[in-house]
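If you look up Swiss-Prot, you'll see Ser110, Leu111, Leu112, Pro113 marked as (6S)-5,6,7,8-tetrahydrofolate binding site.
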Amino acid sequence: MIKLLFMGTPQFSATVLKGLLDNPAYEILGVVTQPDRAVGRKKDIKVTPVKQLALEHGISIYQPEKLSGSQELIEIMGLGADGIITAAFGQFLPTLLLDSVSFAINVHASLLPKYRGGAPIHYAIMNGDKEAGVTIMEMIKEMDAGDMVAKASTPILETDNVGTLFEKLAIIGRDLLLDSLPAYLSGELKPIPQDHSQATFSPNISPEQEKLDWTMSNQEVFNHIRGMNPWPVAHTFLEGQRLKIYEAQLAEGEGLPGQVIVKTKKSLVIATGQGALSLIVVQPAGKPKMSIIDFLNGIGRKLEVGDIIGR
């Protein structure tokens, strides 16, 4: 039985971890995940999906704010793991830790060397890519730059958003890891170096990127909305208040960027730099997420054709 240390945080990671837990060839000695966070207006404490899964299986949990130089690092290195598996962990691994095990493998949600970094799925959708994928790679000190063990891809559908694509890639990543790890550990599967000259990056989404730019084409704004759903969520402004936009559909029509060009009891169409978008699901400031019909029956009632949002 191969003894593993698992490191990850979101549901993507938990899906990979569950695959390892269900496989009798591996024993998870401990998991390292991000600290619990206070979320929402009530500041409720939220544990990571990886921690929740570890709790259910009675696995030791480590949650250092920063792994390097921490007491947890010393404890983790004392577990005697054969190797490390990471998936969307969210921190760099200290060289000391990498050197303490026989192997360290990362499950990364992109077709490397494209989209190294923390938000590959967001950028794949926002940039209008036709496919996304997962790369199983060796861990080195440089971010997502290690040799590649295996790759798998899947089409990005017009109906996909970050949430749906995360779910698909998590399953692909889980299966790809379980399929390739035995051959890698036996030496049968030889890693392939990345072409570093082709590397692109996907840094974490900044608050500035969440704001919609209505001067872009309708396809670009549509992709941007999908690439922010369900987190961190794209937004515009209505009378100085933030209006989050979760879903929209491509529409025809012309007008000034951000201008209301169609308003009925059931639809609201906004002009973009080229074409238009029909808003489907929105969330006004201080209100729950709602359909555009409910929005037009409430706060959106005051909107008129010719009004401009986003200012």
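Just so it is clear, glycine is given a Cβ too, placed from its N, Cα and C backbone atoms.
Each of the binding-site residues Leu111, Leu112 was scored by the other Cβ atoms within 10 Å of its Cβ; the lowest score goes to Leu111. The binding-site residues listed here are Ser110, Pro113; among them, Ser110 has the most other Cβ atoms within 10 Å of its own Cβ. What surrounds the (6S)-5,6,7,8-tetrahydrofolate site, by Cβ distance within 8 Å of the Cβ centroid and not counting Ser110, Leu111, Leu112, Pro113, is the set His108, Lys114, Tyr115, Arg116, Pro120, Gly133, Thr135, Asp144, Lys151, Gln194 from the same chain. A coil conformation is recorded for Leu112 ((6S)-5,6,7,8-tetrahydrofolate binding site) in the three-state DSSP classification, outside any helix or strand.
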